[in-house]
Structures are given as C-alpha cells and as structure tokens.
Amino acid sequence: MLELRMKQANNCALIVVDVQNGFTPGGNLAVAGADQIIPCINQLGTCFDTIVITQDWHPHNHISFASNHLGKQPFDTIQLPYGPQVLWPSHCVQGTQDAELHPALDLPTAQLIIRKGFHRNIDSYSAFMEADRHTSTGLAGYLKERGIDTVYIVGIATDFCVAWTAIDASKAGLNSYVIIDACKAIDMNGSLQHAWQEMLASGVQRISSRNILV
C-alpha cells in the first residue's frame, strides 16, 4: 500500500485527463493498459485539495471522427482550418457509456469537470485551449483565481491530451509537471517521443509518483 509523503501545498492542483471508458480496455479508442494507472491516480488524488477532471464529450457528427469523412479511415490525417487533424474512431460520444468516467476512478474531492470536444467543428486535446488555439476553456483563469501556480498532470493519453494540457499549462505561466507513471500513451508513429520533445521544450517537467507518494 502506498502512503502519503505529504499533502501538496495549496498552490498546487492535480489535473486528471480523460480517464474514461472510451480510452480504457473495452472502449472505442482504448489505450493498452490505461486502466492500470487508475489506482495510482486515486492515491495521488488524496494529496491534493484542488483536483480538475477532463472528459472527452463529442457529438456523434464530430469533425475528428473518421466515420464522418467519406473514404477516410481511423488514424488518417486531414487538413482543417486550424491545421492537421488526426481522424479517430468514433469515441466518447455524448451520453454514451463510452464517454463516462471510468468506474474505478475515485476522486471524491474533485471540484471541476471540464468537458471538451463538444464543438462539432473543432477538436480538443488540451484542458486549457481548443485545437483551434483561440478558444479557451477558462481553466487558466479558474486556477489562477484560486491561487494555483503549479499543476501536476496525469491521465490518457500522454502523447495527445496530456501533452497538450501540460504545454498549455506552461504557456499560461503555470509550473507544469507530468507524472509519468500515472499516464498512458497511444505512441502512434513516434508520437510519444515527439510529444516529450515538445513538452520539454515548453518547460514541462517529468516526475514519478514517487516524488509525491512513498
């Protein structure tokens, strides 16, 4: 059993990214082994007074779904007005079991759930900013209003939504940490290595849960 090393300071928040049925085994966009990180996330949650959860929440006709583009297959890439877009299998559709938070996730003190990807024509990876890089979720203001200047990020997937969230946190002036053993990656065509290059270049720091738990 893991024991707490110490309660994180009041200026720290835990951001839990997309720990949903759709991204865990049996889901429509399952990441291998993603359910295995949930016990660690639950333990980390007991160390923080401020916890934010993100939830992918797509309409059935979302622009990122390959099924909505004639002749396209999942994991093809298309160009949209805001840049390249990976096409995904339909996943985390609003109101479906696939979109629900994983039942093993146990974070009773979580204060805020941010639903993202609900705009039909814009994808959303980051907890802070939509993929068009103009539309804010309001999370940066929410955290700063509460005196938060440091965020620890966990969840799914390391190379997409976790990475975009961590980079945008750093851009927002927050100290940004990714807890590597509380995340799982898709790692598609070198995407994990590329994501870490981008994160480190943006000032994101990588740590282990052992830095918080013993």
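Backbone N, Cα and C define each Cβ position, glycine as well.
Among H91, H102, the residue that Swiss-Prot places alongside D56, H58, H62 at the divalent metal cation binding site is H91. Proximity note: of the listed recorded positions (D56, H58, H62, H91, C161), D56, C161 have a CA within 10 Å of the CA of D18 (active site, proton acceptor), given in sequence order. A simple way to gauge crowding: the CB of D56 (divalent metal cation binding site) has 28 other CB atoms within 10 angstroms, across all the protein chains here. In the three-state DSSP assignment, the secondary structure recorded for D56 (divalent metal cation binding site) is strand. Residue pair H91 (divalent metal cation binding site) / C161 (active site, nucleophile) shows a Cα separation of 14 Å. Highest local Cβ density among the binding-site residues H58, H91 belongs to H58, counted as other Cβ atoms within 10 Å over all protein chains shown.
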